[in-house]
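As recorded in Swiss-Prot:
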- 56-66: disulfide bond (DISULFID)
- 101-112: disulfide bond (DISULFID)
- 126-140: disulfide bond (DISULFID)
- 151-254: domain 'Fibronectin type-III' (DOMAIN)
- 341: phosphoserine (MOD_RES)
- 294-379: region 'Required for JAK2 binding' (REGION)
- 240-244: motif 'WSXWS motif' (MOTIF)
- 297-305: motif 'Box 1 motif' (MOTIF)
- 340-349: motif 'UbE motif' (MOTIF)
- 1-18: signal peptide (SIGNAL)
- 19-264: topological domain 'Extracellular' (TOPO_DOM)
- 265-288: transmembrane segment (TRANSMEM)
């Protein structure tokens, strides 16, 4: 009879789905399975027809029960054919035999209940089902693994507060733990999970698990009705127990008017439109200021900007035209150093006494080994603290008349006088040995050597031919050559390009004087240390005693007091006057200027000399009450 009812139910369910024209859904199949289970409960749980364990649970960790499905054999039950046996897998009881279920009734049909006497925690259990003596299913577990508490009881809620708008409210939900769980003594620790939803909704909203028996629920609408349920689990387990009964929450209406939906400000749309507007403004600004922004980010490469020059000439590589334009302008001057004659100098170093052994000055200066190239360029750049001789504003006559730059050197004065005396003697010897009266002045090619005073300058040496025909006023008398020094010293170069020569010393008595006493001057000069400001009496007496003109032997030597260490001004003045009278020979010729200035440079080896005024006479020696200084001694000594 039951089989016919089952077949009829399945036929009715299939016919209803066929007539409705819709496909079978899981809900329809579920309703059909429920109908089948109501007609025959054992058919849906175990299709194989053999008994099988469904679950084992412990509600409070003190007792547990196991359930299984009953086997069906041709639709008839076999009473007492299914049995449950268990064994505790303890080392002490491992040798024991399987024991049968202690209680088949307390937990319901097809179940076995184990009370606290048969329950042991932390000890594994193994159970098995037998049907007519044969094992059909087996399972092993421990009690703490199968804990599933009973549902909480006594659910209720309390209104906490209502929003100012009268739309939302907050409630507090409370419940009681399962009555059979010993929670207060701490035998079992439970966690609770609350779920709620609106009555018409299908999706439950879950809250986080809590250990307390109360939890607040926020933002519930006053015009809605809610369902609330709670379930629990052991803290160390993941399996929840059954849900509690559903609690319905109906919030009171606080306003007589119907609650309207909350006005939600469209922040998202405002942000989107704001970003879009800012982007548009940025693009407009960039396009409007495109050139300026380009200049700031990528500045243009500067082009050559020279006044009066076309940049196309530089691009096309026409450098000759560019140089021509630059040469025309005042601010540009081509650096043709080889043609710049006023920076050329000639130097003769006569201060080194060691060079005397190498031959005469004439041989050394006229030899080709001492000639240097005209391409050597230099310029004096000296800041020694002394008065500079390079003063373009000073006239040539001032240089000839003044002795500031070439006669005030206290250290180099004796050496310069010695060199001039040697050169004078050499000049007179050459005049006697060479036919000056027979040879025309044009055939003479003297070498003009220019020397500095104290400090070296970058100079250019070379042979310069003197064109004497351009100066007939100076060389008209051949006898005047004896009174002209062979060498000249350049002291300055005027801005016009002329060379200014320093005034030299007058010729001395004659060839006999130079031949007889060449060593006297050197002896006097070597006896004095020119670095001292004053001089010893013995040295001065020796120098004055052997002074030139030895033929005047009857003159009276100056008397010096042996007790005085220094020479007084009065004694030296007297000696200078007596020696000066002996030097003045009645047959001496009229002195002529030793040096002159260069008027024109015709060629690298030709000079045109200017006539210069006679040098001023030596300054008088001013006697004073004191000792003799270096400058005064140089005036007195020959």
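Backbone N, Cα and C define each Cβ position, glycine as well.
Known features from Swiss-Prot, placed on the structure.
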residue: 56; record: disulfide bond; DSSP (3 states): strand
residue: 66; record: disulfide bond; DSSP (3 states): strand
residue: 101; record: disulfide bond; DSSP (3 states): coil
residue: 112; record: disulfide bond; DSSP (3 states): strand
residue: 126; record: disulfide bond; DSSP (3 states): strand
residue: 140; record: disulfide bond; DSSP (3 states): strand
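For the disulfide-bonded residues 66, 101, counting C-beta atoms within 10 A of each C-beta gives the highest total at 66. With DSSP states grouped into helix (H, G, I), strand (E, B) and coil, the domain 'Fibronectin type-III' (151-254) comes out at 0 helix, 54 strand, 50 coil. Cβ neighbours of residue 140 (disulfide bond) (same chain, under 8 Å, six or more residues apart in sequence): 89, 124, 125, 126, 127. Within its own chain, the transmembrane segment (265-288) has no Cβ neighbours under 8 Å among residues six or more beyond its boundaries. Counting same-chain residues at least six beyond the ends of the motif 'WSXWS motif' (240-244), those with a Cβ under 8 angstroms from any Cβ of the stretch are 59, 148-153, 155, 175, 178, 193, 195, 229-233. Its Cβ placed at the centre, residue 126 (disulfide bond) has 14 other Cβ atoms within 10 Å. Taking the disulfide-bonded residues 56, 112 in turn, the residue surrounded by the fewest other Cβ atoms inside 10 Å of its Cβ turns out to be 56.
Counting in whole angstrom, residue 66 (disulfide bond) lies 5 from residue 112 (disulfide bond) by their C-alpha atoms. Rounded to a whole number, the distance between the Cα atoms of residue 56 (disulfide bond) and residue 112 (disulfide bond) is 9 Å. The average pLDDT the prediction assigns to the region 'Required for JAK2 binding' (294-379) is 60. Here the C-alpha separation of residue 101 (disulfide bond) and residue 56 (disulfide bond) works out to 13 Å.
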